[in-house]
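Quick one: the structure is below, and I'll ask about it shortly.
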Amino acid sequence: MNSRRNTRSINIGIFSPSSPASVNATSRYKRAKAFLEQKNINLIEGSLTGKADNYRSGTPKERAEELNELLRDPNVHIIMSTIGGTNSNSILPYIDYEAFRSNPKIVVGYSDATAILLALYAKTGITTYYGPALVPSFGEFEPLVNDTYQFFENYFFKSQESLYEIPMPTYWSDEPVNWLEKTVEKKLYKNEWVTVQEGVAEGRLIGGNVNAMYGFIGTPYFPKINDGDILLIEDCAKNTAIVEKNFTMLKLHGVFEKIGGIILGKHECYDDLETGRKPYEVLLEQLDGIDIPILAEFDICHTHPMHPIAIGKQVRLDATAQKVYCIEEWL
C-alpha cells in the first residue's frame, strides 16, 4: 500500500458514505474535482455521485456497495470520502472487509467517515487515514486549499523518512463563509497550538471525530483501545453541553484510563453557551486528574487547512514542545 508515485498515475475513487455533497453542494464539488484534476490526479466517481435520497446519498446497502466497488477495483489507489454527514455508521455491516484485507489501499476522510475508517482498521488491522475529504477540503478557496493540498501531497506522494514532524500552519480559519461561491475574503487567524498538560508520549494513533464515535463505540466495529494509545479527537459545530456529553462517553467506556496522550483538534464553529469554557477545559474536567500529555488546537480537524494522519501507526506526542511526529512508516 504505497502511493509515493508521480501524481499523474494516481487514481482517487470518491464515495459518499452519508451526505450527498455532489448534489447539495454541486458547485463546491465541481470546484474540488477540478482542483485535483489540475494536479494531474484522476478521479473515479463512485456509483452514488450525483444521486441523493434526501439527507443521504442512498440506502445503507447502496452506500456500502459504492464503497465496496472501489475497494475491489484494482485501478483505484486511494479512496476518499466526498464529505461526512450523520449516518456513515449504518453501512458498517455491509462493507466488504475481506476485499480491503486482500487488496489494501489508502482510505481517507474525516468527520462522519470516522465510522468507516475505524471499522476498516478494527476488522482488518490495516491502516486508514484521517485527513482531507473531497468537497470540504479541496473545494475550499485559495489560499487555504493550497496548504491542505501541500500537506496531502507531502504525506502521500513524496518520499519521507520514517520520522516526520507535522508542521503547524501559519494561519487557519473556521469562518462559515464561501461554501458554494466566494463572496468575501475569509478571515485568517494566526495559528497557535496549546499545551494543556505537559509531557511526552509515544503510542499508536487512534481516534477521529468524537461525535461520529458516539454512533458505534462499544461495537465490534470500534477498535480496542490499547494501553498507551495516543487519542486523536475533534469535532465541529457543537456546543459545550454536547462536548461534555461526548467526552463523558469516552470516559464511561474506559478510554481515558488506558491512553497515553491526547491530540485535540480545533473545534470548528464551537458554541460555548456563554460559559467561557474551551473544549480542552471540558476535557480536563472529564479526565479528573489523569496526568497525560495533551496538545490542543491541532490542525487535524474541520478547520482549514488540514493535515492527514495514519490511524494505527506510531506517533510521538511532545505536548511540552508542541510537536507531533509520525515515527513509523505510514504507507
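Here the Cβ of each residue, glycine as well, is placed from N, Cα and C on the backbone.
Automated prediction, rather than curation, is the source of TrEMBL annotations.
Copied straight from TrEMBL:
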| type | residues | note |
| --- | --- | --- |
| DOMAIN | 12-131 | domain 'LD-carboxypeptidase N-terminal' |
| ACT_SITE | Ser111 | active site, nucleophile |
| DOMAIN | 202-317 | domain 'LD-carboxypeptidase C-terminal' |
| ACT_SITE | Glu234 | active site, charge relay system |
| ACT_SITE | His302 | active site, charge relay system |
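Could you give the neighbours, burial and distances for every feature on this list?
Remark: secondary structure over the domain 'LD-carboxypeptidase N-terminal' (12-131) totals 57 helix, 21 strand, 42 coil, with classes taken from DSSP.
Applying an 8 A CB threshold to same-chain residues 6+ apart, the list for Ser111 (active site, nucleophile) reads Ile83, Gly84, Gly85, Ala133, Pro136, Asn209, Ala212, Cys236, His302.
The residues of the domain 'LD-carboxypeptidase C-terminal' (202-317), classed with DSSP into helix (H, G, I), strand (E, B) and coil, number 30 helix, 35 strand, 51 coil.
Applying an 8 A CB threshold to same-chain residues 6+ apart, the list for Glu234 (active site, charge relay system) reads Gly208, Asn209, Val210, Leu264, Gly265, Lys266, His267, Phe298, Ile300, Cys301, His302.
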Around the C-beta of His302 (active site, charge relay system), how many further C-beta atoms are within 10 angstroms, looking at every protein chain?
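By my count, 22.
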